[in-house]
Amino acid sequence: MVNTFLTVTTCLFVYTMRAGGAPVIIEMVDEWADNWNYKLEPDKTPILSAMIKNHTLPPTALGSGRLLWEREQDRTHLPQFVDRALQLLNLKQVAFEVENSLMSKVSCTACKAGAGLLQHYIKTGKSEKEIKETIYQFCTSLKIQSARVCEGITELFGGEVIYVLGKVKYSADEICSFVIGDACGDVYNPYHEWNVVFPPVPKPKSAPQDAPTASAPSFKVLHLSDTHYDPYYMEGANADCSEPLCCRLTNGPAASKEQAAGKWGDYRKCDTPKATVESMMKHIAETHHDIDYIIWTGDLPPHDIWNQTREENLKILKETVNQMSETFPGIPIFPALGNHEAAPVNSFPPPFIDSPDNSISWLYDELDKQWRNWLPSSVSNTVRRGAFYSVLVRPGFRLISLNMNYCNNKNWWLLLNSTDPATELQWFIYELQSAEFNGEKVHVIGHIPPGHSDCCKVWSRNYYAIINRYESVITGQFFGHTHFDEFEVFYDNKDLSRAIGVAYVGPSVSSYAGLNPGYRIYYVDGDHHQSTRAVIDHETWTMNLGEANVYGYPIWFKLYSARQAYGMEALRPLDWDILVDRMTSDPQLFDLFYKYYYKASIVKPQCDVACRKRILCDLHSGRSHDRRNLCQSIESRIDGNTGTTWREWIYNTISVS
């Protein structure tokens, strides 16, 4: 999930730090060229043993802003645009939008001001030390964050950001259009444009998908995501602190009972205590003893982004891998890398950044060692290169794990060169083409959903084109990152009325923020002659965090199964498209979805018309930063259905009261 990246000055600083992906002409281009040969022989050894299982499927349906930099001595030296922009900022709104990836014109103004300010300092010859000191002073004097958070953010991110911005040459408009997307205009820059190359093989004719046969053998698959285990969580600590992460020993004891962190977690900005992780693992092992394999889509460390080290993140990685191995012995686990595994967060230099201080090899090499618990040695080459891999699960069934941090627009290293970092997408095409030749079906896993606003527009557009080309090969996509229980539908590029794919976005284990903990179970078409390898049904399991803290014991339960809850014939892309259409016209059905979206949290906020538009548009958008093409029909239909009856007005008034 997107990080709580502070507010105001620190937000502005971080906006530039997080501005990932703008492909620009830079100095020493040849030095950063990447000529890796992606045409590797796909692994052909199945991971799963031969099996014919008939799992019991779920039943089907029956029918005040503060102004920045008030000190004159600082303001008189700022560029005119920056000086004016800082006066206009609604800092609380900026902080909220950064934290929730809900960007608007205010976010755009903040981004441009922050980028312009840093560029101005670099241009005028300020040293790295001077720039860091200035940012720290702004952060502390305006009480944006505590002194230790201001210091941690400045030291952890400052050097790399200043280095990158010193190398690239483009305007703040270009930076922020690339980072924020639609809300910051669509500034054209030819260096932001690149396209993957498809082999000269005609696309097979698409055929309507039949609903999988429920009585056929199936796989039962566990999906875990966004654990965010916090080893320093402490019951009774202050859960209502002013820092990006609370409920920790360092936050001190709570001033009142209402502010105290619960034993099993908290709905506020708190991550997952050890007791909750252990309880969930024990429950899964006892309840779902017939799991065939596990997909695990990243984000292991907590949200203390100002205080992280490589050593601490690797320690959490090793502990979690060990726990998974002990809890699920003999069960294949297929992991994907989250954006929080790096230190600092979101920092994933492509392979051409190979200096010891900046290279990401410290993480990828350890991932290769730890993931070797479940993956064959044949994937070591791509894991160490870019933390992506391809494995054969069963004959005719392949799983591909992508490193979605190379689409992450918070990964500022991509400013140096965003063109298919690590040659991952070209390798992806090669694997899919090989699968098509071999008659294999493919599932794709990753962390950041490709349609999410955190994914670069150009990367997402190329991924969308790949899904279009290989729609008959890719029968499942699985992601995390948002912490919500949701999905994204993909459509034919030439006919946006025809759904061709769906990406499932699994719920988070972490309750951060305002959520109940949860996990997902999928039933996948299994081993038989006509197998589609498609998802037959899925369930979301959760526990009521509020009740667990009151009564002292968590009770994990099945919240819903998709086909039964939404009255769906099957879970084909067509069926999910129909569901989005139904929810657009049926507020009660949307309210049911919204309940599950928050995993039945008792503190979920009200969802007004703007909220409803945003969520339904997200479900309709497997391609990021393209709401103009993908969402106009949904938004216009909602606008046309917002006439309120007396009965609805009275009901809503009572509900709000």
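Glycine residues also receive a Cβ, built from the backbone N, Cα and C atoms like all the rest.
Predicted, not measured: the structure shown is a model, and the values here were computed from it.
In the shown protein chains, 26 other C-beta atoms lie within 10 A of the C-beta of His228 (Zn(2+) 1 binding site). Annotation comment: TrEMBL describes Asp226, His228, Asp299, His483 as Zn(2+) 1 binding site.
As annotated by TrEMBL, Zn(2+) 2 binding site applies to Asp299, Asn339, His447, His481. For Asn339 (Zn(2+) 2 binding site), the number of other Cβ atoms no farther than 10 Å from its own Cβ, over all displayed protein chains, is 24.
According to TrEMBL, the disulfide bond annotation covers Cys108-Cys184 (among others). Long-range neighbours of Cys184 (disulfide bond) (same chain, six or more residues apart, CB within less than 8 Å of its CB): Met103, Lys105, Ser107, Cys108, Cys111, Lys112, Asp173, Cys176, Ser177.
According to TrEMBL, the feature disulfide bond maps to Cys111-Cys176 (among others).
Taken from TrEMBL, the feature disulfide bond applies to Cys139-Cys150 (among others). Counting Cβ atoms from all protein chains shown, Cys150 (disulfide bond) has 25 others lying within 10 Å of its own Cβ.
Among the features that TrEMBL reports, disulfide bond is placed at Cys241-Cys246 (among others). Counting only same-chain residues at least 6 apart in sequence, those with a Cβ under 8 Å from the Cβ of Cys246 (disulfide bond) are Ala237, Asn238, Ala239, Asp240, Ala261, Asp266, Arg268, Lys269, Cys270.
For Cys270 (disulfide bond), the Cβ neighbour count at a 10 Å cut-off comes to 29, with all displayed protein chains included. Sequence annotations record features per position, and here TrEMBL assigns disulfide bond to Cys247-Cys270 (among others).
Neighbour density for Cys455 (disulfide bond): within 10 A of its CB lie 28 other CB atoms from the protein chains shown. Marked as disulfide bond by TrEMBL: Cys407-Cys455 (among others).
If you look up TrEMBL, you'll see Cys607-Cys611 (among others) marked as disulfide bond. On its own chain, Cys607 (disulfide bond) has Asp591, Tyr594, Ile615 as residues at least 6 apart in sequence with a Cβ closer than 8 Å to its own Cβ.
Sequence-distant neighbours of Cys617 (disulfide bond) (same chain, 6+ residues apart, CB-CB distance under 8 A): Arg627, Leu630, Cys631, Ile634, Glu635. Per TrEMBL, disulfide bond is recorded for Cys617-Cys631 (among others).
Positions annotated as domain 'Saposin B-type' by TrEMBL: 104-188. Across the domain 'Saposin B-type' (104-188), mean pLDDT in this model comes to 85.
Annotation source TrEMBL lists signal peptide at 1-21.
All protein chains considered, the CB of Asp299 (Zn(2+) 1 binding site) has 27 other CB atoms within 10 Å. Considering only the recorded positions Cys247, Cys407, His447, Cys455, Cys611, the residue whose Cα is spatially closest to the Cα of His483 (Zn(2+) 1 binding site) is His447. Among the disulfide-bonded residues Cys139, Cys150, Cys247, Cys407, Cys455, Cys611, not one has a Cα within 10 Å of the Cα of Asp226 (Zn(2+) 1 binding site). The two recorded residues Cys139 (disulfide bond) and Asn339 (Zn(2+) 2 binding site) have their Cα atoms spaced 25 Å from each other. Cα distances from Cys611 (disulfide bond) to the binding-site residues His228, Asp299, Asn339, His447, His481 are smallest for His481. The shortest Cα-Cα distance from His447 (Zn(2+) 2 binding site) to any of the recorded positions (His228, Cys247, Cys407) is found for Cys407.
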